[in-house]
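> Annotated N-linked glycosylation site per Swiss-Prot: Asn75, Asn340, Asn380, Asn443, Asn444, Asn541, Asn687, in sequence order. As annotated by Swiss-Prot, disulfide bond applies to Cys87-Cys320, Cys429-Cys455, Cys436-Cys456, Cys745-Cys800. Annotation comment: Swiss-Prot describes Ser511, Thr513, Arg518, Ser689, Thr690, Asp731 as L-glutamate binding site. Under the heading topological domain 'Cytoplasmic', Swiss-Prot lists 577-600, 616-625, 836-1464. For Ser882, Ser890, Ser929, Ser1025, Ser1059, Ser1062, Ser1198, Ser1291, the entry in Swiss-Prot reads phosphoserine. The compositional bias 'Polar residues' annotation in Swiss-Prot covers 1001-1010, 1023-1032, 1165-1180.
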Amino acid sequence: MGRVGYWTLLVLPALLVWRGPAPSAAAEKGPPALNIAVMLGHSHDVTERELRTLWGPEQAAGLPLDVNVVALLMNRTDPKSLITHVCDLMSGARIHGLVFGDDTDQEAVAQMLDFISSHTFVPILGIHGGASMIMNDKDPTSTFFQFGASIQQQATVMLKIMQDYDWHVFSLVTTIFPGYREFISFVKTTVDNSFVGWDMQNVITLDTSFEDAKTQVQLKKIHSSVILLYCSKDEAVLILSEARSLGLTGYDFFWIVPSLVSGNTELIPKEFPSGLISVSYDDWDYSLEARVRDGIGILTTAASSMLEKFSYIPEAKASCYGQMERPEVPMHTLHPFMVNVTWDGKDLSFTEEGYQVHPRLVVIVLNKDREWEKVGKWENHTLSLRHAVWPRYKSFSDCEPDDNHLSIVTLEEAPFVIVEDIDPLTETCVRNTVPCRKFVKINNSTNEGMNVKKCCKGFCIDILKKLSRTVKFTYDLYLVTNGKHGKKVNNVWNGMIGEVVYQRAVMAVGSLTINEERSEVVDFSVPFVETGISVMVSRSNGTVSPSAFLEPFSASVWVMMFVMLLIVSAIAVFVFEYFSPVGYNRNLAKGKAPHGPSFTIGKAIWLLWGLVFNNSVPVQNPKGTTSKIMVSVWAFFAVIFLASYTANLAAFMIQEEFVDQVTGLSDKKFQRPHDYSPPFRFGTVPNGSTERNIRNNYPYMHQYMTKFNQKGVEDALVSLKTGKLDAFIYDAAVLNYKAGRDEGCKLVTIGSGYIFATTGYGIALQKGSPWKRQIDLALLQFVGDGEMEELETLWLTGICHNEKNEVMSSQLDIDNMAGVFYMLAAAMALSLITFIWEHLFYWKLRFCFTGVCSDRPGLLFSISRGIYSCIHGVHIEEKKKSPDFNLTGSQSNMLKLLRSAKNISNMSNMNSSRMDSPKRAADFIQRGSLIMDMVSDKGNLMYSDNRSFQGKESIFGDNMNELQTFVANRQKDNLNNYVFQGQHPLTLNESNPNTVEVAVSTESKVNSRPRQLWKKSVDSIRQDSLSQNPVSQRDEATAENRTHSLKSPRYLPEEMAHSDISETSNRATCHREPDNSKNPKTKDNFKRSVASKYPKDCSEVERTYLKTKSSSPRDKIYTIDGEKEPGFHLDPPQFVENVTLPENVDFPDPYQDPSENLRKGDSTLPMNRNPLQNEEGLSNNDQYKLYSKHFTLKDKGSPHSETSERYRQNSTHCRSCLSNLPTYSGHFTMRSPFKCDACLRMGNLYDIDEDQMLQETGNPATGEQVYQQDWAQNNALQLQKNKLRISRQHSYDNIVDKPRELDLSRPSRSISLKDRERLLEGNFYGSLFSVPSSKLSGKKSSLFPQGLEDSKRSKSLLPDHTSDNPFLHSHRDDQRLVIGRCPSDPYKHSLPSQAVNDSYLRSSLRSTASYCSRDSRGHNDVYISEHVMPYAANKNNMYSTPRVLNSCSNRRVYKKMPSIESDV
């Protein structure tokens, strides 16, 4: 009963399940049933009920099968009992699969299960014990699968362990256990095909059936410290026992075995040494219950896949009892569906050999407690090990530890320790690196992680390798876990110091700073690197300031430069030039001509400005020696100034990189960071010597910086570059290296690596370590041999340190030049504002400034006069209103008619002979049309062409009250003393506003009132001469009564209420008459009656004027030209009174080409001869008359003895005017110390006219001689030279005319036709018209006694020839009509053509602003060439008339007064 009843109870549940569904038809239509048996050994702490509950509805959900689990526990697991139990189960129930696990380590169990599966075709899964052991040569028809790893897979893990710990040298020991050949073959193949430098020294195969002596002989061949062993567990006990006897299981030997040797981890033979390494299936993390559940899931998933594909599952084998026959292999089995299985998210696939594709293997080691300890895991083809350095175990008590193998800890910190990944191809470390292990956390919450193999190199690693070779030790290197140097926290040391203190490492090598606190717990070697504390900051790209172009000099330098320019230098140059005897003198002292070219303060500033900045601008250079020296020194200063500016400009135009400047740990930015906006941010890496130093010395600083501390150096560098940190405080050696190797060299250390709290790096050893002395000696040896210096050059020198002195250039963009453009934009805006103000002032405000709004002198004029008054101490009286002048309309009309009648009477003086002249005839025709114009107030007959003035109707209007008001407001003016507006005779000193005349006369001028400002200068000139003036005061009173009552002594002659703004700045001064009431009378050499002296047609006003002129003869006139208009030479004035026009003169065609006469050889006049060629034949007085500066050598009123007495010395020529004195007739080669009489009398010590200095005298030789001498040699040459010569610009906008005057010594500006011919007779130019035509064409006689060579004149940009000027009309017409000269003369400039013929050479009272007449009939101005104009006026010479206002003005003429108003 016992045996049968037992099996009955065992098989009954299966039978019930198998037979239950048969009677029910409905059940047949349900899901097919899948019966799975679970058989386990009785030693497992699990019951059958628990096994059945492992598969519940949750696991079966979604499956198309009805899974039934049959659990069976076995008490005995011997092979016979095992086979009996399986066969009885199969006979009692129809099962589709079996999950089997035992508690043995016998590989025979797996062989029996494989046999049963091959005969019954029932899938069997061996999940534990012997059922999962490695077996060789499975049956091909078997469906036996194991939860385990194949021999190849385990061998791979064994080699991976050796590779991670760099155990490249090993030996292989096996027995003849099944599978050993495959094991040896796989290892050899892997080693031969790997890039790892494996060294398999020995392959030993032992036969344990022989005696132990033979085994010992074979084991003695082993010389490696790493041994791979492949055998069964029983054979391993024998082999390891023999190895112990041979000393192969000591401190330095590593035995690595597969799971076949370790077997059941609960059974550990005593022969196994400590430190034995085994590769085993994971029994720690993969429990038996999980394996059972996975086994049932594999069978269920495979059956479902087969059912889905074939719609059925294979029938189970009924029993294993019966005849031993080879059954037929079923057409479809579960085998192919069990190969690729994924269940519950896990890949549970199997290989063709029946092993798992992804087995869960672990690395276990037999620790010193004789227990198996899990130290690593193989998962997804990745090995992770717990120990960074494989622990060395003392296998047995009789084994001595190896003291030469050291465990060394280090810390990653470039350049001292640099950590890199292993080579992906070889999976090893390359040449100059050593293997080191780094702990990597897998789970931050549980601090779970693994040690990964890395490669270390660097400065400290090279020192470690040298120490290893010198001191003779081996080592295992690993990186510190927490990445710290070492700090005591809660009385516990961390970091590298903690590893040494707690003896997990023998020594610590790296950037470990030596300090007092650490020295108390560890021993330090001698320092091998000097270091300390330094500060690193980041360069930030600065922006170029708009004022960068001003930054080469400081503000004080710019201010000093402008002060020196505007205040000191410019004023100094102006003052030196002002008071210089040869300069552009503006002084109005005695003898100084006031109207030379002015050198003002503005011109001085402009000159110095141009010199400073090397601008090619037109400037006026000074002439004084002192001022020239000053300008030369300024030019030298300008060279230095500009060179310095240019040299420094590039440094300021580039974008400057801004660097925070700190001086040390005690800097204000560190101690008081909140004083800056934003606050200064700085930090360090905690738990280091730097933090300790700051904490002990600067508590407040340490408290502030804790929130900015960084995890490591690399994080700090990123924070610096991104602007999260302003400064980083750390070890100087590390920071210097990082600064030298930084990409872009953006990081710098303060003070070029300045170090605070200097210390050094050392090697930390355990307290009392025997290695300290040997390491110290080795380090000192490295320093002495220079090896340490080589290492520093290799590792501690960065590229940025080598290139820090290199200059990098880059293009300048708009940011660099923005300041210059801003300055230009500001200048344009300022110019626009000035332009608007200028127009506003000109059109709206200038009348008030000139006195139009208030009946007072203009503001600018008053300021100028006031400044002059302050400088020269001249008192200026206030003006008084002129008396009222009433004029009725009938009186005005009568005066107009009388004036017209006067002009008509002037025409009666024309004789018939002169009417034949084309000029006279055309003039008569022209005058005829002007009679009614005079009545209409359009002009007068005397000056018919000058109609550019404004008509009377525009001045007075229809209302005569306007005339009364206008006339009442008029001031005293010699030029406007007449009722009719127009041109009137002018005195010589009134004729040219651009020419200042200083006359030495024997008579006082009656009709002229000099300005009060001239009292000192003019009166001082005339003191001697006025004493001899015989003109009585009665004449003056009479003349004063004859003049109109407009005149008032309280008004200056040129001052007007309606003055032109253009004239007020540079008026010519007029002379003030002497204050003495009684003037001495002058001896009159010729007395004539009044009737014969004055023309009958003269008006009362003009007669008064002529009397005044006749009473004041001036024998010597000295003129100094003012600022000239762009120039043309004035031809000599011709007066028909002194020249008899020949009646038979053939006037050529006015439109004839001038070049034709030139080709015909017409006579020409040489104007460019040397004036000193033929003067020996003349007398002294005649020679002296040749100079245009003077009339004669003596005055009319002075005795001859005074003149002779003055020149008794051996004199040559005048030092001022260069004229020859009577006692010398030769050429002068040096400057004479003597002066002529005229220069002495005038006090004109220095002539500032630059043209006068170039003048040379000429000998008035006969015309034929001069012509013959000069024409042949100068004809072609002078023609070419004159084309290239450019004359100095002079103002010739005023044309002279012969004034009407009976006094030949002072001719009037208006005369009759009869007097015109008489006056021309005997004149210096009178002989010009009497020359026969044969003389002109034949002999080359000179018509002019003197000439001025053009080559010695100052140059101008305007052409010499008027024909070259496109703005002037042709001069051929009037040239022929006036003087009859050939228009093709290449050496002279003729008169410009006029649309309307002019009867005489007349002057124009219009300014240069109005050359054209109002009716647009052409040019009205007559220009006379300058080269024949005498420079010293004699009684036959005329002067140009003054410029007047334009046609729109009130036609008042003002004389210019020197003032500084034009300067500003």
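Placed from the backbone N, Cα and C atoms, the Cβ positions cover glycine too.
Situate these features within the shown structure.
Taking all protein chains in view, 9 other C-beta atoms sit within 10 angstroms of the C-beta of Asn75 (N-linked glycosylation site). DSSP assigns Asn75 (N-linked glycosylation site) to coil in the three-state reduction, outside any helix or strand.
Of all Cβ atoms in the protein chains displayed, 15 besides its own lie within 10 Å of the Cβ of Cys87 (disulfide bond).
For Asn340 (N-linked glycosylation site), the Cβ neighbour count at a 10 Å cut-off comes to 14, with all displayed protein chains included.
DSSP assigns Asn380 (N-linked glycosylation site) to coil in the three-state reduction, outside any helix or strand.
Listed in sequence order, Ile422, Asp423, Pro435, Cys455 are the same-chain residues at least 6 apart in sequence whose CB falls under 8 Å from the CB of Cys429 (disulfide bond). DSSP gives Cys429 (disulfide bond) a coil state; it is part of no helix or strand.
For the recorded site, Cys436 (disulfide bond), the DSSP three-state label reads strand.
Every protein chain shown contributes to the tally, and the Cβ of Asn443 (N-linked glycosylation site) ends up with 8 other Cβ atoms within 10 Å.
For the recorded site, Ser511 (L-glutamate binding site), the DSSP three-state label reads coil.
If you average pLDDT over the topological domain 'Cytoplasmic' (577-600) in this model, you get 61.
Across the topological domain 'Cytoplasmic' (616-625), DSSP classifies residues as 1 helix, 0 strand, 9 coil.
Asn687 (N-linked glycosylation site) falls within neither a helix nor a strand when secondary structure is assigned with DSSP, and so counts as coil. A simple way to gauge crowding: the CB of Asn687 (N-linked glycosylation site) has 20 other CB atoms within 10 angstroms, across all the protein chains here.
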> Which one is it, among the recorded positions Cys87, Asn340, Asn443, Cys456, Asn687, that lies nearest to Arg518 (L-glutamate binding site) by Cα separation?
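Nearest candidate: Asn687.
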> Where Cys456 (disulfide bond) and Asn75 (N-linked glycosylation site) are concerned, what is their Cα separation in Å, rounded?
56
> What is the separation, in Å, between the Cα atoms of Asn75 (N-linked glycosylation site) and Cys87 (disulfide bond)?
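For Asn75 (N-linked glycosylation site) versus Cys87 (disulfide bond), the Cα atoms are 16 Å apart.
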> Between Ser511 (L-glutamate binding site) and Asn687 (N-linked glycosylation site), what C-alpha distance do you get in Å?
13
> Which state, by DSSP, holds Asn443 (N-linked glycosylation site): helix, strand or coil?
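DSSP assigns Asn443 (N-linked glycosylation site) to strand.
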> When you rank Cys87, Asn340, Asn380, Asn443, Cys800 by Cα distance to Thr513 (L-glutamate binding site), which of the recorded positions ends up on top as the closest?
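With Cα distances computed to Thr513 (L-glutamate binding site), the winner among Cys87, Asn340, Asn380, Asn443, Cys800 is Cys800.
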> If you count CB neighbours within 10 Å, which one among the recorded positions Asn380, Ser511, Thr513, Ser689, Thr690 has the smallest count?
Asn380
> Taking only the Cα atoms, work out how far Thr690 (L-glutamate binding site) lies from Cys745 (disulfide bond), in Å, as a whole number.
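A Cα-Cα distance of 24 Å.
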> Using all protein chains in view, find how many other C-beta atoms are within 10 Å of the C-beta of Cys745 (disulfide bond).
17
> If one measures from the C-alpha of Asn380 (N-linked glycosylation site) to the C-alpha of Asn340 (N-linked glycosylation site), what distance in angstrom results, rounded to a whole number?
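The Cα atom of Asn380 (N-linked glycosylation site) is 17 Å away from the Cα atom of Asn340 (N-linked glycosylation site).
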> Work out how many Å separate Asn340 (N-linked glycosylation site) and Cys87 (disulfide bond) at their Cα atoms, rounded off.
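The separation of the Cα atoms works out to 28 Å.
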> Check the DSSP secondary structure of Cys320 (disulfide bond), expressed as helix, strand or coil.
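Going by the DSSP assignment, Cys320 (disulfide bond) belongs to neither helix nor strand, so it counts as coil.
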> Among the disulfide-bonded residues Cys455, Cys456, point out the residue whose Cβ has the most other Cβ atoms within 10 Å, with all shown protein chains included in the count.
Cys456
> Looking at the recorded positions Cys436, Ser689, Asp731, Cys745, Cys800, whose Cα is closest in space to that of Asn443 (N-linked glycosylation site)?
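Checked the recorded positions Cys436, Ser689, Asp731, Cys745, Cys800; minimum Cα distance to Asn443 (N-linked glycosylation site) goes to Cys436.
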